[in-house]
Each structure stands twice: as structure tokens, then as C-alpha cells.
Amino acid sequence: MGRRAKNKQAAPEPLEKKAAKKLGKRKADSDIDSDDGPSTRPAKKVKDFMANAHATASKSFIQKGNGKDKGKAVTEKTTVVAKPISDSDSGDGWEDVDSEVEMDDDNDDRLEDFIGDLDDSMEGSDDDDEPLRGTVQEFDFDTDEEEEIQSASKRKKSKQSEKPLKIIPTGSDASSDDDDDDSEEDERVTMANMEARSRALDAKAAAEAELDEAEFQGALASDDKNEDLDMDEDAGTDGEIDAEPFHLPTAAEREAEKQAGGPDLQVVQRRMRECVRVLGKFKRLAEKGRSRSEYTDQLIADIASYYGYNQFLAEKLFQLFPVAEAIEFFEANEVPRPVTIRTNSLRTRRRDLAQTLVNRGVNLEPIGKWTNEGLQVFESSVPIGATPEYLAGHYMLQAASSFLPVKALSPQPNERVLDMASAPGGKTTHIAALMQNTGVVFANDANKARTKSLTANVHRLGCKNVVVCSYDGREFPKVMGGFDRVLLDAPCSGTGVISKDQSVKVNKSERDFALLSHLQKQLILCAIDSVNPNSKTGGYIVYSTCSVTVDENEAVVDYALRKRPNVKLVDTGLEFGREGYTTYRGKTFNPSVSLTRRFYPHVHNMDGFYVAKFKVGKRSKATSVDESAAVAEPTFVLGEEAPVQHAGEDVGFDSEEDRPYLEEAKRRRMKSKGLRPPPRSNPTKA
């Protein structure tokens, strides 16, 4: 048997058997294909396709099947190839059909029946052959070369033919592979791709920040025509309210508006937007006869009523920023900050903790590259403060801004560190973890009731080098001193955490800020005095508050620099944050105050915070006198003759006589530093 005969199809089934099959919605006489597999084509397309096939086949048989030439016509090789409509090469579509049949005389009856059926089906059709000729274009008659190609494709491929066509990858292949890898990595977060995803997110965030800054600068530098067009569009979309031109209300109108129960919320919102726009281009957009202070007072009043602040605090916070940025700050205080946790390095690693929490249904990612311990939680199917890992002390619920003071302090192992206001223990346990449970950490808090939560967190997180005490911070130089580093997270007004405590909006007055500022100045001087200036590894103090006001931050730092000349500001080591103010509303601070760092909710997406780092040096006496060169001038009574001083005569102090006083002063200094003084020596009797 030849190689072509092996690939030939068998004789077609009789039409009677085909008609007996149930083909669903397809008609029995419309199937001339030998495939039994189901077709994925719509019924209508199959019906039209098969009708054309019937017409073409009947025409060819009728032309060739006349008299004696019928058998010869049948024995000719006729190949009808039905092109599939779909482009896919799947087995569900119509395949090429090689209808090469060498029929015997026994199959003449089948052919007669086949032709008769086709004639019957053609009786009701039109005699015009033009439609048939038009549809014949869908069929091709294969040659022997095509048959050989088809038979060769069916044979088993050799190993050489199985090799890929591309051996050396091109640039397009690499890019496609990278895209596939990125798409796979984006699907789920694993420990393997967490760091890469974090870097990618940081790069994306930096690019977006640059783009936002560029857009912001472009918006500020936009010309007046675009602004007028924008305002016209706002007037058309917002309705009747914006359709009216903006008019700044006078003092009488504001009083009448207040007596009527206050303005509508939409009116206040539009008035704030208009005031911001006018103050940005005051010379061009302001009404004639109206001053800048009138617009500013109206904007502050609207902010106080819209966001719920008292008039004093709204004005105090408004003065910290430019007009447009002030609105962003007030808006950011209405949105809660992201939930963040700090990994306890004494118990676990961040990678292991992240994997464990992900398995529990927590969606999280690293906070940023500035910390290797923080994780930001987006959503969680379990209470994040009641997981087994939390109870086992693997992490601490802590705001991202609370990482900053400890990072700036940078405690080293085997040091003596003081946390003057430590409750509830987030910063204290962070210090203990960075010190790897070595040295001593004194956790102090003036409120004895708060030391209970402090002690509980210290035990839960496994900190073994912490000593909890409850003293007023202003007493600490007398209680104990000589610390290598001191962290003072001073009590403050809380204007940086308004999103957590909305009561700050109404319960803070000018007297509160004056009292808090006075207390902070006392505490920072005591913290400086508690540091050992001779420390080999330390001698640093970090001052921080969760407030954004200048009275509690730059003013306190400048006061400490003036009162303690042996102290200087150093770089905090924090990679981001805005510089502290050196001038503010007529006040001028030390130029080194620019080394301090400010953090805002609308800029850094964390609570408002302030961090300053001091380096404590040795004290220098006001009048330093070289004892070797000092010469005591003799005293004499007026009117008497001055005594004659002989050469080489010692007129200085008697060291033996002054020794007890010097030793007692030394004992007092050592006690103030928390050191044990040596025993008193018996004075020598002359």
C-alpha cells in the first residue's frame, strides 16, 4: 500500500445512516463531512456553508456522470477542501477534507442515491448558476504537493524538527519575558518578591511625586485665561450657586449670616475656593476697595466653620503654610492615617512576620526604604491587634511617625539610655530592640497609671533591659544622671494627630500653648543636664513632639541653644522631612534650627511630627583662669603702705586647706549623675 493510500479517508457512510443520526439543530441531509466531532459553529453559518457545499458537489457530479462516463468520473481524484471560517487551528473547527475515493461498481448505487438526493434538493432552487459560481471561491482543489505536505506533517517529527526556531533570545523576547514575570509577580505577594515590589513601589511613588510637583508648579504658573475658563466651566457645571459672581461678604453681612444660623455648606465650600484663588492672584482678582486681610479673615472663618475648629486654632494652623497648602493640611486631618506595625526584632524577622500575617489574610507591604522594621496594613480579615503573633510580642501597633525619634536617637548596645516620657512603650521597646537587650533603658513616665500599659508592653515584647520608673521629668538630674542618650518625646498639644483625636480642634486655647511651651522648655533643659558629655559613644539628646506649631518646636529648641552654650544641633539622620523654620512671623531663630525636621500629614502621609537632635559637649566655665598663670594680687587697706612681695613667694591658695571642699563638691557632682562617690578621706591634722 502506497504512502498516499495510508492517509486516505475511508468511503463515506450511506446517506440513510447519516440521516438516522441526531445532530441537534442541524439537518440530517446537510452533513457530508466525515468528522463525527461536534462543531462549535453557529447553526445558521453551518447551514449556509453546507448548502453551498451541496450545490458545488452536485454540479460536479452531474457534469461528469453522464452514461458510460459515470464510472470514469467517479474514479477521478477529486479533492474538495473546505476552508474553516475561524482562524484558529483547533480540532473543534472544520478541517480540510480530502475526498479522494476510488469507488467500485458496488458503490454505483450509493452514488445514484447521492446524486438523486442532490437533484431533489436542487429542484426548489433557482436555475441561475451565478450564485453557485460566486460561492465556489471558498473551495480549493489541492495538488499532489499539498497532499505530500499534509502527509509529511502527520508523520512523527524528528528530534531536529522539535528544536525551537529561536535559539538566541532577542530584545523583544526579553521584554516579553519581563512582562510575563511582572504580571505573575503582580498577582500575589511572596517573600521572594516583596523587596523588589517595595523598590518598584518606591520608585513609582517618587515618579508620581515628581509628576505631581510638576503639575502643581504648572498650575500655579498658569495664565489668567485658563483660570477664567476654568471658573466659567465651574459656573456651568455647579449650577445656580456658581453661576453668580463671587462677592466677598462684609462684616455686617457675615453677622447677619451668623444670626440666620450660618451659611449653606456648598456656599462655604465655594467661598473658600474663591478666596484661595483670589489670594493667589490678589492684584488681578481682588475686588476694588477690599484688602488682603479681609479675604484671609473670611477664609479662616470659613475653615473654622467647615472643618469644626475654634477660631484661635484655625488661625494658628493656617499661618504655618501658604494659602493653598493650608487647605491641603486641613483636608488631610479629616482622613485617618494608614495602620502601621513595627516588627519586634527580639522575637522575629520582618520577612517571617509578613509571611505569617499574609497567610492569615492580612494585606500589607513595607512602609518604605527608610525603615527596615515597619509594615503598612491595608486590610485584614482578622483583628490586627488580637492575632497570636501580636499576643506573642512579634510586633507592636505603632504609628510610622513614632519610628522617627528612635531612628534619630540611634542607640548603641551597652549604653545607658533614658526615655523621659515613655508610656505606652512603643519607643522604649524600639530602643531596647535596637540595643539587642543589652545595656539599660530607663523608661520614665510622670503618670503612674500609664506605667501599667508600659510594663505590659515591655513584658509582651520580651525587653529584659528596661527599668520602669515614675518621676517628674524635671527632677531627673537630681534623681539620676550620666546617661549616654536621652529621648524626650515631650507632652504637647497634639496638633499633628488631629486625625486620631478630633477633640483637639476645640479644646485648645492660647493659654494651653503657653503652659505647654513653658513645660517643654523646662524638660529639655533637664534632659540636657542628664546627659553625660564625656560619653565615648553617645552624648546625644533627641527632642520630639507630635505637634506642628512653632511655639512647641523651634521656639523650644532655640531656647535650649541659648540657655546651654555647650549644646549644638546635629543632623537627625532622617532622609526625608522638611527643614525647621529659622524665621517665623517676625521671630528669628538660630540658623542651625534648619537641621531639625518637620513631618506633615498632607506631605508624608503620617502624623504631624517634629524631631531635633542635640550633641552635648563639655561645659566651659564663664571665666576660665589658668591656675598656673593666675597671680593673686595682694590686698591692702587704703592709706597704708602696700606690703612688699618677695620674689618666689607663693601667695596662692593652700591646697591642703581646700581639699575637703573640693572633695565634697566632687561627691555632689557624682551623685547628681547617678554615680557612687568614693568614701570621704580623713583630713590631715597639722
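Heads up, the Cβ atoms here are built off N, Cα and C, so glycines get one too.
Among the features that TrEMBL reports, region 'Disordered' is placed at 1-45, 59-243, 639-686. Taken from TrEMBL, the feature compositional bias 'Basic and acidic residues' applies to 66-75, 196-207. Marked as compositional bias 'Acidic residues' by TrEMBL: 89-130, 139-149, 175-187, 225-243. According to TrEMBL, the feature domain 'SAM-dependent MTase RsmB/NOP-type' maps to 329-617. If you look up TrEMBL, you'll see A421, S422, A423, P424, G425, G426, K427, D445, D472, D489 marked as S-adenosyl-L-methionine binding site. Annotated active site, nucleophile per TrEMBL: C546, in sequence order. Annotation source TrEMBL lists compositional bias 'Pro residues' at 676-686.
TrEMBL feature annotations superimposed on the structure.
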residue	record	Cβ neighbours (10 Å)
A421	S-adenosyl-L-methionine binding site	20
A423	S-adenosyl-L-methionine binding site	25
G425	S-adenosyl-L-methionine binding site	28
K427	S-adenosyl-L-methionine binding site	26
D472	S-adenosyl-L-methionine binding site	13
C546	active site, nucleophile	24
Could you tell me the C-alpha distance between G425 (S-adenosyl-L-methionine binding site) and C546 (active site, nucleophile) in angstrom, no decimals?
16
Measure between the Cα atoms of every pair in A421, S422, A423, P424, G425, G426, K427, D445, D472, D489, the residues the record assigns to S-adenosyl-L-methionine, and report the largest value in Å, rounded to a whole number.
20
Over the domain 'SAM-dependent MTase RsmB/NOP-type' (329-617), work out the mean pLDDT and round it to an integer.
94
How many Å lie between the Cα of A423 (S-adenosyl-L-methionine binding site) and the Cα of C546 (active site, nucleophile)?
14
In angstrom units, rounded to an integer, how far apart are the Cα atoms of C546 (active site, nucleophile) and A421 (S-adenosyl-L-methionine binding site)?
13
